[in-house]
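What TrEMBL says about this protein:
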type: DOMAIN; residues: 85-204; note: domain 'Palmitoyltransferase DHHC'
type: TRANSMEM; residues: 16-36; note: transmembrane segment
type: TRANSMEM; residues: 48-65; note: transmembrane segment
type: TRANSMEM; residues: 129-152; note: transmembrane segment
type: TRANSMEM; residues: 164-191; note: transmembrane segment
Amino acid sequence: MGIKVKRNGFTLPLHVYQLISWVLTLFDLTSISIVFLRHRQFLPLSIIYYFLQALVIFLAGYLTASDPTDLSKSSQNNPEDSIINYCSICTLNVSSTSKHCGQCNRCVENFDHHCKLLNNCVGKTNYKFFVGLIVMYLFLNAEIILFSSAVFSEFYDKKKYGEIVISVILIAKCMILFMADGALIGLHVFLRWNNMTTYEYIIQKRNKAAEREKSLKTKENGSPQSKDVNKTVPNTTVINEFFN
Ligand SMILES: [Zn+2]
Ligand SMILES: [Zn+2]
């Protein structure tokens, strides 16, 4: 039999980061439902939390279940000029913007990146949902920080240790995730502005680092090799390393 193709993020094996994200979500849901919801004064904050949490779970579930595989080879309607690449691993004609994901073993049109948290590729068909997810996730973390801070200030003097411990854990965790997610949103704003995908950005960065290393070595060895020669050599080693 051939290589196993991963069609979506629920295809086994699941990724450890994906499992961690599920556990963290379950922790938020249970601790807020059991510890915070006992106090009726927090009902409005709870309603906003459940709404944002439900939206994030829906978007993450949709993205995990989505199949961004390039179907150019099976479509009869695709214009001839959009099918100009041949993938030697899939042994199929694919779109010019497709890249082969080594972790899923399939080509993805407008390949952005393989997301370990979703255990799936992000590309043409699901990129908008991915952006929606990271934006909603920022709101969710901000809401949990506000909610936990309100609980903390209410119960700190009353020495209710359950509420205090849970709110401190949630504030610390959500602060880290808020900053990491904010940086990710910033990166995608930068990429959209420069009309690049995450994949192109990473390859460009790696190629620049490899070029710098080569020119340093050239200087050390005193070789007359020109920098322009390095520029024209496609860095296939770097690309292969990224996908495997
Ligand atoms: Zn392929
Ligand atoms: Zn993938």
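Glycine residues also receive a Cβ, built from the backbone N, Cα and C atoms like all the rest.
Just so you know, TrEMBL annotations never went through curation; they're auto-generated.
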Mean predicted confidence [pLDDT] for the domain 'Palmitoyltransferase DHHC' (85-204): 95
Secondary structure tally of the domain 'Palmitoyltransferase DHHC' (85-204) (DSSP, helix then strand then coil): 69 helix, 18 strand, 33 coil
